[in-house]
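Under the heading compositional bias 'Polar residues', TrEMBL lists 8-17. Annotation source TrEMBL lists domain 'Ion transport' at 374-546. For 1-30, the entry in TrEMBL reads region 'Disordered'. Per TrEMBL, the feature repeat 'ANK' maps to 104-136. If you look up TrEMBL, you'll see 259-279, 308-326, 382-403, 415-436, 457-478, 520-541 marked as transmembrane segment.
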Amino acid sequence: MAKVSPGKNASLSSSLQVEDVEEAPERAAASRGDSLRDQLLVACETGNIDLLDEFLVDADKDRVLSVRDSQTWPLLAIAASRGHERLIQRLLDFGCPVDITDDFGSTPLYRAVGFRQNACVKALLAAGADIRHVNKDGNNIIHNSAYVCNDTATIQALKAGVDPTQPNAVERISLLDMVEKQPHLALVYLDSKVKPLSNYVQYSKMLYDFTGLDYKDSAGVMDSPLEAMINKPAANFLLQHMLVKQYLQWQWRLYGRRFFIGNFVQHVSMLLLVTYIAITSMYKWLEPNGAVYEYSCCSSSADFMLDVLRAAAELLLLPLCGYAAWREVWEYRKTGNMQVRVHGPGVLPQLLRMLFRADADIHQTRASVVSVPRYLLDVWNLLDAGTLLLMVALGAMRVAAIAKQQEVLSPRAESYILAVLVMSVWVKLLALAGVFRTTGPQLRVLRRMLINVIEFSSLYLLFFVAVSVALFLVLGAATDGEGKPVDEHRSLLSSFMGTFQITLGNADYTVYELDPLATVFYFLWTIMSTLLLLSLLIAILSYDFQVGVEVAEQEWLVVFGGYLLRTQRLLGDAEVQRLKADDLQRCHEMGGFQTPVREAKTNLPAAHSSIPAKLFVIWEDTTTWPPEFREQMERSFSFDDQDFSSGSRQQHRM
């Protein structure tokens, strides 16, 4: 063992003693600091007021206020999020600032709203909490309250003047969350954006504030509030609000009507050409040795109709088809993408991951999302694309047949393609008919009826297959009085057809008299199919029609608004905003605006800053107003409790 000299040993001992004197108090203080932090966090988590008082009696104020948990939340935010009102009051009395923030810039009030601790929300507001505070992510109180469906907090924020059209860091406005999750409160907010200015007999000069209705993020992956009203069934009733209807009519007047007329003329032209080509082609095949690739001279009027006019129709269809294909490609590019969440390892999620690229979640929830083109989510777009592909394929085969002077496809195969084309172009008229007020609701009712018929068919098919197989087993080998086999159920296919004849009431009862069990099945199926199943189907369809009549205007507005949204995407946001700005400028020059162009207050980003937020509708006929809206305008909106209760009643009536 090494030896140490006395001098060195004394020096080392002295050094150790000095270290002990200097470091021991620091370790003890750190231990007490950790203990203080842990105990304060435990007290605020559990709501132990006695434990909190024990440490606050002699504690240093700055040290207490600096305590944070692992998420950097201060003590007041922890107590508020857990709903401990007594702890909140004790911390406020101790001197804790009511708007103390964490590293995210969020206040205790923001956390209490997010956890729906409304009693704590009221306590913090009574203590002077700033309800208009915005955190570092740009979220205001309504961003939080609407997302978690906290009605009380949303109402308090609206009363305090918090702006739901203020975008956050990801360019999402809280009005969108209100439409999606609190449509009854969004209805009240829309009421506040309509004001009567003056009255004369049955006319009123009205102010409509459209700010935020069509707000979209710069990437275009989130819906606008108007799109949410159309796409969310629970929010469809908002389309009946006068503010929204005026906005839709404004869009229709600016660009929707012109675009619709162009689409209508184009489609009707294509429909007539395709139908004429299909009919004349069939007549050409019916002729002896007739071939559609032959265009003979017009020796007779029939040849002129079948050859010359058909050739002219096919030549006219070529540029029309090319123009339609260009428009479809343009629409695919203009409509952009939307995010679809992918949940779990199922077949559909795996298919979505294979077909579409992954994307970063715009809601910052770390969810697995894929970017899906909006074009593919519209069934009418898929129908248009399929129709154009069939036209291109049929045109290519016609050119090949003319070059070879022989049929490329058999007449039967080509007639099948023409039949599908004719059906497609005629069915597309339904999409155009949906824009009209008279036919739009009927189309929505028809869609609902078809869905219910498909669901009902599964129930009907269950009993139908069972009875068909049972009758096949009973009567498959049966013979009549003359020893001949029974044709109605000789095979499984014929048994299905025979059972269906029973449903229609067109079956031969004598066949089922041959066997007692067959007689029982016959009567059971007659009662079940005719009296029960078909009666149920009629009741379902009658209910659908009745509901469709009651909400006819709402159903039409869903279709009408959807068409305008598609048109807006096709034209592009920049072009649409230019049209709106020009129209508002003209109205302003006529004295229609309260504020000059480019001076109207708006919280929209720079891309939308040139659009005035307010628009006057001069001398509107009040006799066309719904009774609820007239009552609302007469009592002047003020964001009081009566307005919110009135909005809730109006939602229930709708």
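Backbone N, Cα and C atoms are what each Cβ position is placed from, and that goes for glycine too.
Because TrEMBL annotations are produced automatically, they should be read as predictions rather than curated entries.
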Field: Contact ranking winner - 308-326, 382-403, 415-436, 520-541 against the transmembrane segment (259-279), Cβ under 8 Å
entry: 415-436
Task: Determine which residues of the chain contact the transmembrane segment (308-326) at the Cβ level, with the cut-off under 8 Å and only residues 6 or more beyond its ends counted.
output: 266, 269-270, 273-274, 276-277, 280-281, 284, 295, 298, 384, 388, 391-392, 395, 398
- prompt: Counting only residues 6+ away from its ends, which parts of the chain sit with a Cβ under 8 Å from the transmembrane segment (382-403)?
  reply: 274, 291-293, 314, 317-318, 321, 324-325, 328, 376, 409, 414, 417-418, 420-421, 424-425, 427-428
Residue distribution over DSSP helix, strand and coil in the repeat 'ANK' (104-136): 16 helix, 0 strand, 17 coil
Field: Residues of the parent chain within Cβ reach of the repeat 'ANK' (104-136), under 8 Å, 6 or more residues beyond its termini
entry: 72-74, 76-77, 79-85, 88-89, 92, 98, 144-145, 148, 150, 152-153, 156-157, 160-162, 166, 169
Task: Residue list, the transmembrane segment (520-541) vs rest of chain: Cβ under 8 Å, 6 or more residues beyond ends.
output: 449, 452-453, 456, 459-460, 463-464, 467, 470-471, 474, 499, 502-503, 505, 507, 509, 512
Field: Segment confidence, the domain 'Ion transport' (374-546), expressed as mean pLDDT
entry: 84
